[in-house]
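Report on one structure; see the data block that follows.
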Amino acid sequence: YVAAVYEHESLLSPDPTALVDRGSALELMGRNLDIYEQQVVAAARQGAQIIVFPEDGIHGFNFTRSSIYPYLDFVLHSHSGKWNPCREPYLFNDTEVIQRLSCMALKNKIFLVANLGTKQPCERTDPHCPSDGRYQFNTNVAFDDDGALVATYRKHNLYFEYAFDTPPEPDYKFFDTPFAGKFGMFTCFDILFFEPAVNLIRRYNLKQIVYPTAWMNQLPLLSAVEFQQAFATAFNVNILAANIHHPTLGMTGSGIYTPVKSFIYHNMESYGGKLIVAEIPVITTDYETNLEETPGRVSEKGNEQLPPPFYAEMMYDNFTFVPVWGQKGELQVCANTLCCYLNYRRAVLTDEFYALGVFDGLHTVHGTYYVQACALVKCGGLSFSTCGQEVTDATALIDFQLWGNMSTHYIFPLLLTSGITLDFADHMGWKNNDYFMSKNRTSSGLLTAALYGRWYEKD
């Protein structure tokens, strides 16, 4: 099928904390929706059957609970599938944004997914009801090619979004299409958690995901395109990921991903939006994990001196590292219950410093979640203290086998190369109690090769 995602540079309110009236809010949102409309037309012309827009693309961000109120549309979450806002605009008040999106889908005969703020009054008798008598949700809406509202999803894992409420229960939302079957839906930070993302995919055996996001890149392990691709590979799904484009805030990175190929956009240099259109296969069966050439454990040579471990902060976590010196070698490094092993060979010895790091613990900054990670990374400089820094360019081509005795089955294979481009492992999967990834000759200089495990039960 042919899919489209749009990375949008949203027109933002000059002062999101200021209180404005509905008319002013609609005027700002209308300017973003005008851009959406042009992109829907362009995508439809290229044969796209579905288009996805980013999180916060219509209204922006950094609001307070009260300042966002004029930007919120009214959506009854139970109405999915029974209401066509373009054809029945009179059913509810404060649905101007929903109506415009519905009409874009209808006019262009395309499935459309977008993100907006929604409001819902609640009763004082509802124990979850906020003191102002209403819920405010960060919401994805999906329309079919006739403009009918076929699914709404309320973001569950909010990322410092004080304007919004967490829904009382996680939404498991998907919609059906004639061209690729069911599409599941979740938003941004949700991708790191079991609920509802993983549970949704497992429970309904979903193979296609639409994913609006407003993601701030964090190298070396959580760049947007790097993690989106790893998620597609780990769960054997296609992901249509649309991110916001605000390079000054570190926000870029969208794509259309299959478990074995990706069409991505990552651009920190220029401004303006970007439409990606790609034809991808509908996934019906599971890809077989390739288990040839699986490594054995590092041979215990006993007399060989392993380089000394050192500690450095990476992604706000205290990693234990060993230096990756010389043209080739075998290394191991352990922390808590996790041991990571690396066999490596460099094509040419460059003056770049790499290290193998391990972390097995609770990540507590900007969210709390348990991580088990084995990571081969290029350091920012030549000293130990530069390991874990954000690096975007590299020239070293490294053949490697990386593996670890992970305690979780949820492993995201990260393989990031120079200029924030993606590569794919030659082989990966479980062998005995180890998860491994191997690669001969990356397409360009290696930035990160990592096994990023999420141990959800220990969050």
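First residue shown is number 1, and so on along the chain.
Cβ coordinates come from backbone N, Cα and C, glycine included.
Predicted automatically and left uncurated, TrEMBL annotations should be read as such.
Within 10 Å of the C-beta of GLU55 (active site, proton acceptor) we count 26 further C-beta atoms, all protein chains included. The active site, proton acceptor feature in TrEMBL is assigned to GLU55.
What TrEMBL records for LYS155 is active site, proton donor.
Within 10 Å of the Cβ of CYS188 (active site, nucleophile) there are 26 other Cβ atoms, across all protein chains. According to TrEMBL, the active site, nucleophile annotation covers CYS188.
Annotation comment: TrEMBL describes 15-296 as domain 'CN hydrolase'.
Taking only the Cα positions, the spacing between LYS155 (active site, proton donor) and CYS188 (active site, nucleophile) is 8 angstrom. Geometry remark: GLU55 (active site, proton acceptor) versus CYS188 (active site, nucleophile), CA distance 7 Å.
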